[in-house]
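**Student:** Submitted below is the structure of interest, expressed as structure tokens.
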Amino acid sequence: NRLCCSQYGFCGTTSEYCSRANGCQSNCWGR
């Protein structure tokens, strides 16, 4: 499992990081 990273440079595996609606930049959920 790769970490998702937000637009602010924070990474994690929860929706806070993985959801595009929350500003995800990399390894986001969906395609």
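Glycine is treated like the rest: Cβ placed from N, Cα and C.
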**Student:** With CYS28 as one half of a disulfide in Swiss-Prot, pick the other half from CYS11, CYS24.
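**Tutor:** Answer per Swiss-Prot: CYS24.
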**Student:** Tell me which of CYS11, CYS18 Swiss-Prot records as disulfide-bonded to CYS4.
**Tutor:** CYS18
**Student:** For the disulfide-bonded residues listed here (CYS4, CYS24), tell me which residue's CB has the most neighbouring CB atoms inside 10 Å.
**Tutor:** CYS4
